[in-house]
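Colleague: Got these off Swiss-Prot a minute ago, pasting:
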- 1-270: region 'Amidoligase domain' (REGION)
- Ser12, Asp152, Ile153, Glu154, Lys191, Thr192, Lys193, Pro194, Thr195, Gln196, Lys227: CTP binding site (BINDING)
- Ser12, Lys191, Thr192, Lys193, Pro194, Thr195, Gln196, Lys227: UTP binding site (BINDING)
- Gly13, Leu14, Gly15, Lys16, Gly17, Ile18, Asp70, Lys243, Asp244, Ala245: ATP binding site (BINDING)
- 293-525: domain 'Glutamine amidotransferase type-1' (DOMAIN)
- Gly349, Leu377, Gly378, Phe379, Gln380, Glu400, Arg455: L-glutamine binding site (BINDING)
- Cys376: active site, nucleophile (ACT_SITE)
- His498: active site (ACT_SITE)
- Glu500: active site (ACT_SITE)
Amino acid sequence: MKYIVVTGGVMSGLGKGITTASIGRLLKNRGYQVTAVKIDPYLNIDAGTMNPAQHGEVFVLSDGGEVDLDLGNYERFLDINLKSIHNITTGKVYRNVIEKERRGDFLGATVQIIPHITDEIRYCISRAAQETVNGGKVADVCMVEVGGTVGDIESMPFLEAVRQMHGDLAPEDMILVHVTLVPMDTMGDFKTKPTQHSVKALRELGLQPDIIVARSSDVIGPQTKKKISTFTDVPVKAVVSAKDAPDIYQIPMELEKEGLADVVCSYLSLENREPDTAWYRVVSQEYTNRVTVAIVSKYGIEDVYMSIKESLKHAGRALSTEVNIRWLDAETFELHDLADVDGILIPGGFGKRGIEGKIRAIRYARENKKPYLGLCLGFQLAVIEYTRHVLGIEDATSEEMGDGTHVIAILPEQEEVSDLGGTMRLGDCDVVLKDGTKVTGLYGKTAIVERHRHRYEVNPAFIADLEAAGLVFSGTCGPRMEVCEIPNHPFYLATQFHPEFRSSPTKPSPPYIGFVEACKKNKSSSEIR
C-alpha cells in the first residue's frame, strides 16, 4: 500500500480536498486503484448534526455515513463508493479509545495522546486504506487528507500519527504533499513568505514535505518556484503551480501539465504508465446550449448544495448544455423571479423556515408547466402543495412543521428516537419503479438503488386520494413512496432520495439528465413563442 498524505498551510479553504481528489485521478488515469481517507479534526462523531451554514453540505455515503463534502469530491473524481470508515474524526478516535479503556483493553495503563490516541489514528488510517471501495481488490494507493491547517491544535495528534507512520514505512511507500497559498501583491509579484512559514511549522512537527502545491490566482513562474524550493528543500520539479480554475474538473488536467503525476510516480516507485484520456474527454465536453435553473433554497451558501451543483454540471456536460444556477432565497423571492428560468429545483433540508416560499415555487412550476425537480424535502413539499391546491386540503403540512393535516408523517421507526446523530433513514435503499412512468424511462430499469437521508414520509392515509387526483407515485420502497410525478406535465418529478449523491462526470444521475433535458426543451419552446 502506498500513501499520499495531503496537508494544508497558511489558511483553510485552499482546496486540499480537490487537490487530493485530483492527484488520485491522475493515478487512476494511469491504471492504479485509488482510495481516499478524510481526517476531520473536530470533536463531532460525524458531520450529521453540524450546521450546514458553517460546515457546508453533509454528504451521505452508501452505508449511511454522514460525512464532509470532500468525500463527495473523492467519489465523483475517482468513481468509487466510500464507507464511513473513510472519514476519521477526533470524535470517533476518542470514542474508540475511551471504549477500549472501559473494557480494560489497555490493562490498567495510563491512557495518553501518545501512544494511545496516535495508535488509534494509525489503525483507523490503515483499516480504511485496506477497505475495498468498489467490491474489488484492495487499492494500490491511499490518499489521506488531513483537514484543517498546520498549526491548529486540533490537528496535532493526527500529524504526529502521520510522522510515526512516515518513519515506519519505506520512503517509497509514503509521500507528503503540502498545499499552501502563494498570494500576489498589488504590484503583481508572488509572495512566498507564507509558504516558507507554513513549511517551517510543518518541519517543527517532524514532517518534511516531498511536494508543494502552490495555490495562487495565476500560474507561478520558474523564479518563484526556485525561491520556494530554496527555502523549503523541496526540489523545483516538485513545486507545483495550481492556479484558480473556473471548473474543478479542469484541475487534474492542469496538474498533469505541471508534471505532478510524474513526480508522484517517481517518488512512490510506481510505473509511470501512459495516462488514459477518457475522463478528460468527458469533463472537457463543449457546450452548445445554455439553460437557467432556479434553486429555491434556505441557505445562501452554495457549498451547502455542492452535490446538486455538481450533478447539474454532470447532466449538462452529457447534454452539451451549460447550466446557469439562479439562487433564490426561499423567504424573500418573488414569483416574477421564476418567469424567465427554464426549470425550478427544490433541494433537501430540515425545519420550517422558508417552507411556504418553496411551496409557492412548486405551485408555480406545476401550474405554469415549468420543469420541476424536487429532492427529499422537495418531494415532501410537492406532495403538500398538491394536497393543498388540488385536493383542496388547505392546512396540509408535514408533521415536522407543526399543526395541520399531516400529509407528511414521521416514519414509524423514528417515533421513539431521541438522539439526532446517525438516526435517520440513511444510505442506500432499494427502490422499485413503475413501468411506463417518466422515472422508469430515465433509469431504463425498474429496480434501482439510491441514497437517503430523512425522518418523514408520505402519510399512507392520503396516497389513494392523491393518486385519484392525478399525482402518480412512480417509485416505492416497500410501503414507502419514493418518487412522484405528474403525467400531463412536461417534467414534474420529485424523489424522496438524493440522486445527486451517486452522480459523477462519467455517470450523470438520470433524474438530473431528465431535468436538464426538459429545461432545454422548455427554453426552446419559449424562444419559439
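Sequential numbering from 1, following the chain as shown.
Even glycines carry a Cβ here, placed using N, Cα and C.
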Colleague: Please compare the recorded positions Ile153, Cys376, Leu377 by how many other CB atoms fall within 10 Å of each one's CB, and tell me which has the fewest.
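Modeller: If we count Cβ atoms within 10 Å for the recorded positions Ile153, Cys376, Leu377, the smallest count is at Ile153.
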Colleague: Find the shortest Cα-Cα separation between Glu400 (L-glutamine binding site) and the binding-site residues Gly17, Ile153, Lys193, Thr195, Asp244, and name the residue that gives it.
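Modeller: With Cα distances computed to Glu400 (L-glutamine binding site), the winner among Gly17, Ile153, Lys193, Thr195, Asp244 is Gly17.
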Colleague: Looking at the binding-site residues Lys191, Lys227, Asp244, whose Cα is closest in space to that of Leu377 (L-glutamine binding site)?
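Modeller: Comparing Cα positions, the candidate nearest Leu377 (L-glutamine binding site) turns out to be Asp244.
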Colleague: If you count other C-beta atoms within 10 angstroms, which of the binding-site residues Lys193, Lys227 is the most crowded?
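Modeller: Buried the deepest by this measure is Lys227.
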Colleague: Using a Cβ cut-off under 8 Å and a sequence separation of 6 or more, which residues in the same chain sit near Glu500 (active site)?
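Modeller: Set apart from Glu500 (active site) by at least 6 residues yet with Cβ under 8 Å, we have Ser307, Ile308, Glu310, Ser311, Leu375, Ser509, Tyr512.
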Colleague: DSSP secondary structure for Lys227 (CTP binding site), reduced to helix/strand/coil, please.
Modeller: helix
Colleague: If you count Cβ atoms within 10 Å of the Cβ of Asp70 (ATP binding site), leaving out that atom itself, what do you get?
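Modeller: A count of 24.
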Colleague: Any idea what the model's mean pLDDT is for the domain 'Glutamine amidotransferase type-1' (293-525)?
Modeller: 96
Colleague: Checking the spread of the ATP site as listed (Gly13, Leu14, Gly15, Lys16, Gly17, Ile18, Asp70, Lys243, Asp244, Ala245): what is the longest Cα-Cα distance, in whole Å?
Modeller: 19
Colleague: Listing them in sequence order, which of the binding-site residues Thr192, Pro194, Phe379 have their Cα within 10 Å of that of Lys227 (CTP binding site)?
Modeller: Thr192
Colleague: Report the largest Cα to Cα distance, in Å and rounded to a whole number, among the residues Gly349, Leu377, Gly378, Phe379, Gln380, Glu400, Arg455 that the record lists as binding L-glutamine.
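Modeller: Max span of the L-glutamine binding residues, Cα based, is 14 Å.
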Colleague: Using DSSP reduced to three states, classify Arg455 (L-glutamine binding site) as helix, strand or coil.
Modeller: coil
